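Asker: The structure under discussion is supplied below as structure tokens; questions concerning it will follow.
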Amino acid sequence: MALKQVSSNKCFEGFQKVFEHDSAELKCKMKFGIYLPPKAETGKCPVLYWLSGLTCTEQNFITKAAFQQAAAEHGLIVVAPDTSPRGCNIEGEDESWDFGTGAGFYVDATEDPWKTNYRMYSYIKDELPKLINANFPTDPERMSIFGHSMGGHGALILALKNPGKYKSVSAFAPICNPIQCQWGKKALGGYLGPDASKWEAYDATQLVKSYSGARLDILIDQGKDDQFLSAGQLLPDNFIAACTERKIPVVFRLQQAGYDHSYYFIASFINDHIKHHAKHLNA
């Protein structure tokens, strides 16, 4: 599968690059950011996948999160894909910010007209890692995942649905219980249809109740002044309660007043997340 380099910038002795490719799963051109640490020039490195939130592209994380120095120090390749297919000419794809373009929700759609292109779950789980492993100096056995908001939801469900695939998982302000919030009901109803029982396969709080795989050490940071927390969109308490009941270790840090849903919040604690993953990836 041909990769076209869109940009390359030297950064902390490594390179922050963006590539474009034709996606078989999504049937459109897709971009992803990839940070290659200095260590990647001489050997294979573990890979950390970042999933962004609603309205984001591959650019938000690589330009705003300030993760590159820590990734360079720990020798981690960091991959940041786009959040949805783009330019698919689906009627209604650009009508709202929380559904369609920029809002793939990391599910495989089953409803028309979305099911042909909106297959972000399979893209992140299968197609993208194969592409990365075939073209970059990765250690395929050492892979972890994290994300923000809708992407935090994506990271949690991918880790919970694929025991052992990811060595660790973390999230910033994740949508923890989408079947119970407006964002989730809109997205899951639109992509998966009106039968709410089908939505549970993409809900971290539901998935953790039946999780029986390899040990997962989960780290979650949440800002106290996050407007979407107070609006009932994130519902971390539901997830924490389910984890506690199943004795699944989760470190939940409610960061002090003033921290919100923005990339300023992410940048403030990103080094802790890089260290969390580096520990589990033996980096």
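Each residue's number is its place along the chain shown, starting with 1.
The backbone N, Cα and C atoms fix where each Cβ goes, and this holds for glycine too.
As annotated by TrEMBL, active site, charge relay system applies to S149, D226, H261.
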Asker: Do any residues at least six apart in sequence from D226 (active site, charge relay system), in the same chain, have a Cβ closer than 8 Å to its Cβ, and if so which, in order?
Answerer: A173, L234, Y259, D260, H261, F265
Asker: Is it possible to get the count of other C-beta atoms within 10 angstroms of the C-beta of S149 (active site, charge relay system)?
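Answerer: Total other Cβ atoms inside 10 Å, all chains included: 25.
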Asker: Neighbour count, 10 Å Cβ-Cβ cut-off, for H261 (active site, charge relay system): what number do you get?
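Answerer: Result for H261 (active site, charge relay system): 21 neighbouring Cβ atoms inside 10 Å.
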